[in-house]
Amino acid sequence: MHLPRVPAIPGLWSTGAFRSYSGFNVPFASTLARGPGNDINVQEAERSAKDLSADVWFSLGFGATLDAFVVVATFNRILIKRFHYAVSLRMMILASTISFGVFIWKSETVTSLLHIFASCVLLFFLYLLSGLVLDGFDSPLSTIGACYQRWTFQQCSENLSLFDVPWMRAFILTMVTGGTGFLLTIFTPPSWSTLIPVVHIAFESVFLAAVKCGRTPRYILISSPIFQSTICVHWGLRVVSLAPRLTLPPWAFLSLVMVSRLLLDIHLWTIFRLRRELNWAREEVLVSTYKLLGIYSAIFLLDKMGLKVITYIKLVSVPLFFLITTMGYLAPAAYVVAFARTKAVRI
């Protein structure tokens with residue numbers, strides 16, 4: 001791919017002063033100095049931009065995923081659902097938006113600051129629009145106090161066992177929701193793949209509400225492996241396949257993880273300031289910022305000592321995250337089905 005050649009300014013880019021900053025290439029230097037016949041360099045730069053944007057997304061999503069796991073550990077299905085749609089998915093969309101902006105900034109095809117500015121404005125409005133869509137999934141709380149407590153596994157199972165559907169209907173529902181994820185995977189451009197799980201999750205909620213059926217125990221048992229595999233592909237395997245090792249330095253990875261916590265706090269101080277259940281979860285459930293700093297500092301020291309905990313964190317965390325997520329969904333559902341705890345079956 002050739003772009004119109006822009007004459008280089010003598011003595012400016014050749015000095016190398018503007019070629020890098022903190023170890024990262026400045027995007028316009030090689031673009032302005034590029035002439036015909038450098039397609040290989042362009043491809044390498046595009047690959048570098050993809051690797052960097054993928055690692056930025058992974059770093060921001062890593063913090064949001066850890067926060068989601070801590071909330072799931074409360075076994076409070078009401079709080080989990082509200083935190084999931086209001087916070088977790090919003091943070092993943094924001095991570096995708098920021099990483100795509102990084103890709104645009106680093107891409108060799110970018111030729112002007114106006115292009116970057118227009119792209120960032122568009123991404124920002126897409127983020128706002130997705131937030132409005134996610135807010136539509138919130139329903140009024142029937143029991144306000146139920147959000148402000150931790151549940152036991154038994155309480156979680158009892159809440160899940162209020163009703164179920166026949167096996168055949170659960171299978172048909174799974175075919176629809178699982179097939180949607182498959183179609184999204186086929187027809188969505190790779191550059192937008194990190195948004196596929198968000199669309200898939202939103203579709204499942206809308207579809208189940210339309211057919212007057214929730215995530216029942218039998219449906220969860222059949223659909224969770226298929227549903228989670230779609231998420232694993234786009235939020236895990238794609239990132240690992242691009243680069244098994246982090247291309248970011250350890251300090252940059254940990255800094256972005258802390259930035260994700262800062263973004264969460266900014267949301268709670270602004271658009272979620274009236275959502276008492278979310279602020280309660282931040283204060284009483286999530287690990288405090290000071291403890292996170294201590295934990296991440298220890299991990300950073302281990303990496304510096306040669307253990308490479310951060311360098312290979314994608315290879316370890318991706319399978320672990322999705323194994324825990326899948327088992328977290330399957331365990332209560334399997335318990336309800338195995339011990340016939342369902343109180344009613346809807347045909």
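All positions are counted from 1 along the displayed chain.
Glycine too: its Cβ is placed from the backbone N, Cα and C atoms.
Note that the structure is a prediction, hence the values are computed from the model and not measured.
Cross-referencing 170-188, 284-302 with TrEMBL places the feature transmembrane segment at 170-188. Proximity of the transmembrane segment (87-106) to the transmembrane segment (194-211) is established through 3 or more Cβ-Cβ distances under 8 Å for residue pairs spaced 6 or more apart.
Sequence-distant contacts of the transmembrane segment (170-188) (same chain, six or more residues past either end, CB-CB distance under 8 Å): 195-196, 199-200, 203-204, 207-208, 211, 213, 216, 218-219, 221-223, 226-227, 230, 233-234.
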